[in-house]
Amino acid sequence: MGKYFGTSGIRGRVGEFLTPELALRAGRALGEYLGGGTVAVGRDTRVHCDALRAAVISGLTAQGCDVVDIGVVCTPTLGCYVATEGLDAGVMITASHNPPEYNGIKFWDSDGMAFSPEQEREIEQIMDGDLEYPNWDEYGEVVDDETALNVHVERILDEVSVDGDGLRIVVDCANGPSAFVTPVVLREMGCEVISLNAHPDGHFPGREPEPKPENLKDLMRTVRATDADLGIAHDGDADRVVFVTEEGKFAGYDEVLALVCRRILEEKGPGKVAVNVDASMVIDEVVREMGGEVVRTKVGDVHVAAAIREEGCVFGGEPNGTWIHPDVHMCPDGPLSAAWMVSLLIEEGRPLSELLAEIPSYPVVRETVECPDELKPEVMRLVETRLREAYDDIDTVDGVRVELDDGWVLVRPSGTEPLIRITVEAESEERARELRDEFVDIVRRCVEEVRE
């Protein structure tokens with residue numbers, strides 16, 4: 001966590017932390033970092049996107065960058081456009097799944113991959129420095145390009161089966177820009193599409209933009225009422241996708257990710273798959289069965305993308321529906337992932353519930369322990385020491401993860417709240433609760449010891 005950048009770019013409440021002035025400084029800093037070039041700027045449907053977009057564009061052009069304004073688009077549309085058109089960088093104005101009073105600014109490199117924490121730290125240093133303006137004839141220019149959505153749609157259709165065989169699909173677009181991509185792609189694939197919340201509206205009147213089960217009741221009911229074959233839901237900027245089975249039931253995050261990993265390794269052969277430290281052990285089981293290898297990363301799509309690039313992974317994803325298909329581009333792509341899942345159902349000729357029934361499911365329990373932010377580093381150092389004294393298989397890529405014969409435990413400080421989170425997965429509910437109680441006690445003792 002930096003001064004301005006969090007786990008997913010610059011993000012916060014508009015008018016409090018995130019202001020047009022800050023957006024201007026961020027735009028100028030990116031322009032200085034790039035030293036010129038051409039940058040695409042996109043935005044989601046939030047009501048304050050226009051003000052922030054104008055400020056970012058002003059900052060970029062004031063540092064000599066040319067700007068292509070691609071309008072209201074999905075985050076993966078921006079990533080795909082930057083990579084396909086050979087631009088130098090991209091800027092997306094979005095707060096993804098956060099409520100409507102939030103917004104954010106996220107930078108993307110020429111491959112459509114999110115800026116790394118190291119790059120973001122450089123941007124922060126530039127933001128806090130004194131920048132000189134260029135000569136009057138060295139300012140950048142702005143052009144509009146409305147073709148970015150078409151570029152994205154066509155790129156997706158190049159990757160999937162286009163014989164939808166009349167499948168009936170319900171798509172919940174969350175009043176976001178996915179309405180311009182996912183329904184279009186699925187209809188081109190030959191599917192019958194029923195759209196929910198498909199009118200762009202930055203107030204998100206249809207539902208909260210985070211696609212979690214409690215926000216998807218309408219989607220589940222509609223799937224059942226229309227006898228649909230699948231339900232699909234995106235977040236506010238469509239870098240994520242989740243699914244509802246033909247039975248109208250929410251498809252488990254980890255089980256879906258495991259299913260996707262298995263299919264990709266079937267198609268591509270044994271290879272590496274990148275997932276974060278919070279992903280289920282069922283993914284390890286499935287990947288091992290296919291002769292592959294799991295690479296664990298910190299939580300966050302930028303870390304998954306970095307592992308894909310560094311380790312040569314054939315796929316990467318997080319259980320929340322953030323999936324990266326490196327053969328296409330390095331940005332998490334909800335519409336592409338949705339089309340990919342529909343293509344899988346077409347090829348298998350079986351419903352999603354039947355495919356998921358083949359994937360084991362293990363109980364997961366979560367707990368939190370209060371811990372002031374200023375104590376977190378020392379508490380986590382002490383937690384690691386205590387756990388190394390008691391356990392052999394320890395991973396510290398993000399927090400402390402303990403691997404056990406019948407499960408795992410992750411102790412990780414929250415990036416947004418004064419809490420330390422404990423996540424436990426085990427082969428039985430009883431064992432999961434037993435491990436939860438044990439590790440909660442360890443963490444509480446460490447907090448108390450540091451406070452003394």
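Each residue's number is its place along the chain shown, starting with 1.
Cβ atoms are placed via backbone N, Cα and C, with glycine included.
Among the candidates Ser58, Ser96, Ser414, the one that Swiss-Prot lists alongside Asp235, Asp237, Asp239 as binding Mg(2+) is Ser96. Taking only the Cα positions, the spacing between Asp235 (Mg(2+) binding site) and Ser96 (active site, phosphoserine intermediate) is 6 angstrom.
Sequence-distant contacts (6 or more apart, same chain, Cβ under 8 Å) of Ser96 (active site, phosphoserine intermediate) comprise Ser8, Thr75, Gly104, Pro209, Asp235, Gly236, Asp237, Asp239, Arg240. Same-chain residues with CB within 8 A of the center of the Ser96, Asp235, Asp237, Asp239 CB atoms, the Mg(2+) site residues themselves not counted, are Asp44, Cys74, Thr75, Thr94, His97, Gly176, Pro209, His234, Gly236, Ala238, Arg240, Gly334. Counting Cβ atoms from all protein chains shown, Asp239 (Mg(2+) binding site) has 32 others lying within 10 Å of its own Cβ.
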